[in-house]
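What TrEMBL annotates here:
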ACT_SITE  C345  active site
ACT_SITE  H507  active site
ACT_SITE  N528  active site
COMPBIAS  56-83  compositional bias 'Basic and acidic residues'
COMPBIAS  171-199  compositional bias 'Basic and acidic residues'
COMPBIAS  801-810  compositional bias 'Low complexity'
DOMAIN    28-59  domain 'RanBP2-type'
DOMAIN    141-171  domain 'RanBP2-type'
DOMAIN    282-587  domain 'Calpain catalytic'
REGION    55-101  region 'Disordered'
REGION    169-199  region 'Disordered'
REGION    801-822  region 'Disordered'
Amino acid sequence: MSTIVCPECTVENPSYKQRCEVCYKHLHNPEWRCQSNICLYLNPVSELKCSRCKKSRNDSVGKGKRPQSADRLARDKGHKEPVKNNFLGVRPFGDKHRRPRSADNRLASSWKCCQCNCFNGVDEDVCEKCNHIKAPCCNAVKGKQWKCHVCDNLNAEAFTKCSNCSKKRKVPELPKPAKDLDKVKTKPEDKRSTETDRKTPDKLTCERCHSTIDISSRTCETCSSNQPRVTWTNCIDRPNSKPLRHDLMQSVRAKNLRTIKTKQVEAKWRKIVFNCEQNKINFIDKEFPPTDNSLFKNQSSDGSNIKWLRLKDVKDMDGKGPIHWKVYDDKPTANDIIQGEIGNCWFICALAVVAERQELLERIVVTKEYCPEGAYVVRLCKDGIWKTVVLDDYFPVDQHQRLKYSTARKGQLWVPLIEKAAAKIHGCYESLGSGRTVESLSLLTGEPCEHLSLNEKQDLSKTIDNTLIWSKLTDARDSGYLMCTSCEAKDGFTPEYCKTLGLITGHAYSLLDVYNMDTGERLLKIRNPWGSESWNGNWSDNSPKWQKVKPEVKRKLKPDGNTHGIFWIEFNEYRKHFGSVEICKTRDWHETRIKGSFPSSADGPWKGNSSKDGFVDMLIVVMEILEDKQMRTVGHSKMDIKSYVGCEIEHVKSGEYTVACLAFRHLDGGKHRTQLQRDFVLTIHSTQNIVVEENDSINARYTHFLADTLIQLAVDKGEQGICLKGSGRTYTLSLDGLIIIIENNDKKQYISVQEDCSKSRNLMNTRGCMFTQDIIPPGHRQLISLLTRIDYKNGYNYKSSSSYRSSDSSTLEHYGDKTKSHKPEIPMELECLHIPRVIR
């Protein structure tokens, strides 16, 4: 299929498309913008000179001159109101420097996304819900607009010319009044409709993308598809029909979205620099000022020996003259990184791995050159959301005016800039003192990450499969994924003993390569981010093992003589001294990012105000929706209290799936619930394009969604047992916690169940009590108990005693209570989780 390159964002599109799928610019009528600092006019591609300033195209393009402000550009074009630029939401100089806009003369205060119908602020250029780029079809909510008859661009009512193609507004001709009203023929009234029960529909729904379009339009503005057949949005015209869904989101290729985001961020940076030049000042970041609050969590900490200086006043590592700064060298490498005084090896280790791939590094630091005005822009992915971090060039220095924290060799700025951006979004530099490598990999790349535990003590019920671990490492190496590993003191080895071997416990390392020797030995190539103190055992630099290796293999494995803290170690030795591996799966994914909130009660809506009371025990379950509307488990994560929980599913066939994001620890039997909810972000990465529909848990269709999902998960993945001679079944599933399901297959008899888990260690029940009694009706099954860990840093031990009885009564008569069916009683907030469900 032939393609055409968008002249604005350089994304390839199918040739039949009229507009770019990403930026919605016209593909067949490209334009070029005059780069003169007194013009910036859009000209047709056929013109060799600017239509306004008469400068030639070759003279104006590529001069690197600064753009004008938006207000000046609007006045030059004759607009009556300022033109909104595609800048991101951060205002570098605060609200007091903004030009006030009157209520009668301004653009729409918000706009509606054409993909998911979500409302966004007028200053946002990307939909907050589905990451869809604001397009001409995204109508404003307030303020009248008119559509250009040439380019279909939406313009404010006050504009007399189109802001996109400068064509004059075409005023429709009004029909001439009839001279003789008696001669005007009228159609007979439709008996099926009246003014009260029927209205003529004026909107259609695109059958391809479900966007709402005008009835007079034959082409969808969103997907550019023709509309030979129409579907009325007015349900009166479609009797016995269900309302159409308008909350569908389509995944976006990360590369295309990143291209648009980068252009918007660069435009934001140019505006900051332009304002600094106009006012003859250097940029100061008021959100992260050069004070002690940006250094320490506690304001009482003493920062008297730390000063803040601009880059032009910072001296080199020897304390001598100024440094000729640059953002990047010709080929930045991990060897350029010098870790500072913060114990953030978890962050520096991940940064060193990212530096192995220059294209990944350049995505992070948007500003590519040294900026005399002191303004830099960095992009990081915090809590699943990409954030644009604007920085000034103030950095902490010691008493010798040298950078106190991490820096890079040869006067490169990318290391201190990325570290400062991370400190800003985490609150201060001190917050970077501890963390997990998997968190920093996600922060720097935004890609899916996987944590492989090599420590059997963390889960006594499972043993580590060395073959599986090695297979995952080789697959990650072959796929070009990033890998990190951490050293731990285990198997009786003390930190002092590990230090004699050249290893540092509690330290993060970069895992660079794996190799299978002809002798059957398996080697791993590892780097210490400190650049020194490497492994001195077998297969180290001076190990006699290398003398038996073929010269060509030796040259391949250690071309640099294992300098800069790089060393090889055999897999069995590696297993003794290293506790985990983090894999960052970098590739060109199709991605969708969805915001949500864990409810304060099991039946509460999954949206609302958020709480910052730490993490909850997150669990991800993926179900396939079968043809008979039944569900089948295709994948799930562990139940874990971490900032990042992932679930990987391979070889997924085309179909419909449900992704459930669950949490239980904060429920506590419905007793100590908080009114605030905990936010989360669900990120879906796929090799193929997907369409996502977001559903709310308060929807009647999903009233018992939690119970049905967990029951089906235990049935598909748990251990099955038999009770009462086959009339009952038990299902238990361990997920770093425990799910217990009891099923009654009898058609007449009830089953009374008594479950005592009080002797379990480090576990709590969502029902608020470790001793439960329940009556399960015939043909039903119930989630009896959901046990989750109290302290996820320590292991747990599950012990229980169960008793089952057949009963003719629907109450706990066997246990001395003829009035209740459940003990403790299931509160209303937990009914959708623990209520008995019909077996389908």
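For all residues, glycine too, the Cβ spot is worked out from N, Cα and C.
A map of TrEMBL features onto the structure.
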| residue | record | DSSP (3 states) |
| --- | --- | --- |
| C345 | active site | helix |
| H507 | active site | coil |
| N528 | active site | coil |
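Within 10 Å of the C-beta of H507 (active site) there are 19 other C-beta atoms, taking all protein chains into account. The 10 Å shell around the Cβ of N528 (active site) contains 24 further Cβ atoms across the protein chains shown. In the structure as shown, the Cβ atom of C345 (active site) sits within 10 Å of 22 other Cβ atoms. Separating the Cα atoms of C345 (active site) and N528 (active site) is a whole-number distance of 9 Å. For N528 (active site) paired with H507 (active site), the C-alpha to C-alpha distance reads 9 Å. Taken together, the residues in the domain 'RanBP2-type' (141-171) have a mean pLDDT of 69 on the 0 to 100 scale. Mapped onto DSSP classes, the compositional bias 'Low complexity' (801-810) shows 0 helix, 7 strand, 3 coil.
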